[in-house]
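Heads up, the thing below is written out as structure tokens.
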Amino acid sequence: MGSQGSVSFTDVTVDFTQEEWEQLDPSQRILYMDVMLENYSNLLSVEVWKADGQVERDPRDLQRQVGSLTTIKNQPPTEERGSRFGKTLTLNTDFVSLRQVPYKYDLYEKTLKYNSDLLSSRNCVRKKGDGCGGFGEPLLYLKQEKPHAGLEYSEYNGNGRALSHKDAIFKHRKIKSLVQPFVCNYCDKTFSFKSLLVSHKRIHTGEKPYECDVCQKTFSHKANLIKHQRIHTGEKPFECPECGKAFTHQSNLIVHQRAHMEKKPYGCSECGKTFAQKFELTTHQRIHTGERPYECNECAKTFFKKSNLIIHQKIHTGEKRYECSECGKSFIQNSQLIIHRRTHTGEKPYECTECGKTFSQRSTLRLHLRIRTGEKPYECAECGKAFSRKSRLSVHQRVHMA
């Protein structure tokens, strides 16, 4: 980008004559000050700041440019006026005077040290007066016997926290008039709406007011309950546009879509199979290592996956929460109910590409394909005989055990 000419405060200043100024009503004068402060803030934000928080330029130059923004409540205009503005701003408010600073400009040492103790200090008090520049929000003044003059009033927001040097006071006043912050009394986090604060506080209190009417599991947020209930209803609103596969949660769809994008960065060192997520690789590697870290405390049966253990434990508890609305038969898993429903509807979504035969279950299609291909993946460790089905291998192994 080519070099741009430097912009001074004069370039963005609008001057009035004394007669013109006196014809402005209070709201117009406030607007004028807002615009001037905005321009001033924008110029400051692009300055080169030193490590100690000072601006690299002659402070007296700023004094000449900014002039005077004095606000004296219920008093006639002061005779002192800045050389650039051409008049003194007199507003019927409680703004701190910018002109009270000594000529040598303590401003840079005290007020605009944005990384100084001024920013970290929270020793401030809300001062009620005519409000925040006519917008109805009181400003925060530093709680000191002799408050610093200058821009201190723009340094704090409604949470007692310092605004950055890029935040002009005009933004603070207008935003504060629209958004009242709600502060968490546990962690000081702030929110735009009270409902968000109420919801957030449940993290600290542990409150879970939303209960599933099917399994009585409770949740702190209604959105989480809605997501959970999809397990019971079988609803899968998130569909892959590539293959049509549907998912209960959007996060699962995002993971699935990586398969289409061929982003599987996690590879198995044993067989070379790749996975989209690291936990999938970790689970897969247990096939090679034989590790089964999840054990049933009822029968001591072990499992590769925790989800398989949870499903298995329902056999012991007798829990069957998924009921068929057609015949009343209940099932441990929702997937079992979906398959069962096909007996009523006659749906057979899985088709053999070789012969066109259809099946209600994917597993049945796989078995059918093995018959056609002659594949026998289940091999006996004793004699080497292979089978197309695992159940037939189990029956065969009894011969060796006899």
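Note that Cβ sites are derived from N, Cα and C of the backbone, with glycine treated the same way.
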Feature zinc finger in Swiss-Prot, mapped to one of the ranges 13-35, 36-58, 105-127, 266-288:
266-288
Residues sitting near the zinc finger (210-232): Cβ under 8 Å, six or more positions beyond its termini, same chain?
199, 202-203, 248-249, 321-322, 334
Candidates 266-288, 294-316, 322-344, 350-372; stretch with most C-beta pairs under 8 Å toward the zinc finger (238-260):
266-288
For the zinc finger (266-288), the mean pLDDT of the predicted model:
87
Helix, strand and coil totals (DSSP H, G, I; E, B; other) for the zinc finger (210-232):
11 helix, 4 strand, 8 coil
